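Trainee: Here's a structure for you.
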Amino acid sequence: MNNIRSTLATVWRIAVPYFRSEDKWAGLGLLTAVIAIELAVVGLSVLFNRWNNTFYNALQDRNLDVFTYQLAYFSVLAAINIALKVYQLYLNQWLQIRWRRWMTERYLGNWLADANHYRMQLQGDAADNPDQRIAEDVKLFVEKTLDIGIGLLSSVVTLVSFVIILWGLSDAAPLHVFGQDIPIPGYLVWGALVYAVIGTALTHYIGAPLMALNFQQQRYEADFRFNLVRARENAEQIALLRGEPVERQRLSTRFALVVGNWIDIMRRTKKLTSFTVSYQQIAIILPYVLVAPAYFAEKVQLGAVMQTADAFGTVQGALSFFVTAYRTLAEWQSGVMRLDGFETAIANVQALTTKADIVHATETGTSDIALSDLTLTLPNGGPMVQTPGFSFRRGERTLFTGPSGSGKSTLFRAIAGIWPFGKGKISIPANAAIMMLPQRPYFPVGTLQDAVAYPAETDAFSPQEVADAVRSVGLPALATRLDEDGHWNRMLSLGEQQRLGVARALLQKPQYLFLDEATASLDEPSEAALYRLLEDKLPGTTIVSIGHRTTLDDLHQRKVSLTRSGDHFALGDAKARTETA
């Protein structure tokens, strides 16, 4: 019971924001229309039930006039029913796509806001495969919530409507056993209720493990897809290392989890289906068994038998909603759990950012980036970098060195505002334009113009400006391919990608440019040429570089390093010199 209440509370928390959003009136209007049509369909089912009595009595009495009239009446009811079902589906699908669009945009916004997507990775496996949760689990949640919600409402209204009918039919067709009428008021209703309660209890007993199994299946499927994508994206490295056998083994191991869990689902589904199909088959014949003695005793006509069978089946079906919908409920609950996990992970990351002890202050009247009493730690709290005070001076070119793993890149992340672990103060000049160039640039799939202009909009720069920037970094052949679509991270070598990263900087013209081994894949003369290009094209830009080559020393005015000091690395000047023009 607590689990049901918890699930319903989670569903409410996930679902309600849409109906309070800017799209609420459209959503509420569509939902109201879908519910109204469902109620009309239930009303029609009552008319169909009454039609059963009259139609089959006409057959028994061989009354052609009544039979013909009832056929025409049925045609009218059927036409109305068809129209209602078609428009209910149509409006339901409209509601689904609007609701899904709003939830997807909301989740994308929360995931991508303030580097939450990056910080979620730092938190480990708190919410695996966020891409699946946004793309698939949102779709499943919207579709199944509407199906289950409308279905449950329909069952309740149907139950109320047909219990009255079935109760009256119980009096008209009394329980007849061994030639005697046994007066049990509403015995058909009680029979349907007892049958449904037993069926629901046994269904839950048999099918309960499916909820956890479905949750695991979604996770294993997503993990397998993720590793397939990784293999595709790193095809060259795998081929060069002759890693195909190991990669195949790794993928086979992942897929074995998919297969193993699926077999568990199959076995459990087989047991559940065996019971539910048996339950449904017995339910078809049960009302005839109960009413047939009264019919053969000539206490009721054929029409009453058919009407009773229809009403009994409808009541029993409404009471058995959880039996027939159990597998859907299990799949739905697993999706709810995954969305709840995603929202919790986002909330935890946002709380981590809010509680972070690293203060990012915007300062006026200064042009330097200053670090004050800054300590950076690992996610587990282990010390990494400490500095009582340090400044990156405006217009100065600084080379940043230190052993691998000493925290150089982490310091860059902290300056960018995406590393939350630590304490201290980072002062950034007001309205400062800061750009980070990583060792492996990211290029969105699309035209080369899109890729180079990123993260700015494509039309932020003219094609001529982009072409000039691409030529200036030594890629004249690419300057003529700006309109070509492609996956540029796959199509270009890492050296070419790094050149395009510098082209981005030339277009963006940042005031502060941080290069995290952003030219490490180039030969030394090419690297030196790009640094001279940056110095020439961006004369007022503060450039801070992480690098290990000694040839970088002469391309910078200042050299700082991270050196081991006990359990952490300390930041300090290694060389300062004045460069003459």
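Cβ from N, Cα, C; glycine included.
Pulled these from TrEMBL:
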DOMAIN    28-331  domain 'ABC transmembrane type-1'
DOMAIN    369-581  domain 'ABC transporter'
TRANSMEM  28-51  transmembrane segment
TRANSMEM  71-91  transmembrane segment
TRANSMEM  148-169  transmembrane segment
TRANSMEM  189-215  transmembrane segment
TRANSMEM  276-296  transmembrane segment
Trainee: Six or more residues out from either end of the transmembrane segment (148-169), which same-chain residues have a Cβ under 8 Å from its Cβ atoms?
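Mentor: Those are 34-35, 38-39, 41-43, 45-46, 49, 92, 185-186, 188-189, 192, 304, 307-308, 311-312, 314-315, 317-319, 321, 325, 328-329, 332, in sequence order.
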Trainee: Are there residues at least 6 beyond the ends of the transmembrane segment (189-215) whose Cβ is under 8 Å from a Cβ of it, and what are they?
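Mentor: Sequence-remote neighbours of the transmembrane segment (189-215) are 163, 166-167, 170, 261, 264-265, 268-269, 271-272, 275-276, 279, 283, 286, 290, 312, 315-316, 319-320, 322-323, 326-327, 330-331, 333-334, 337-338.
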Trainee: For the domain 'ABC transporter' (369-581), what's the mean pLDDT in this predicted model?
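Mentor: Its mean pLDDT is 90.
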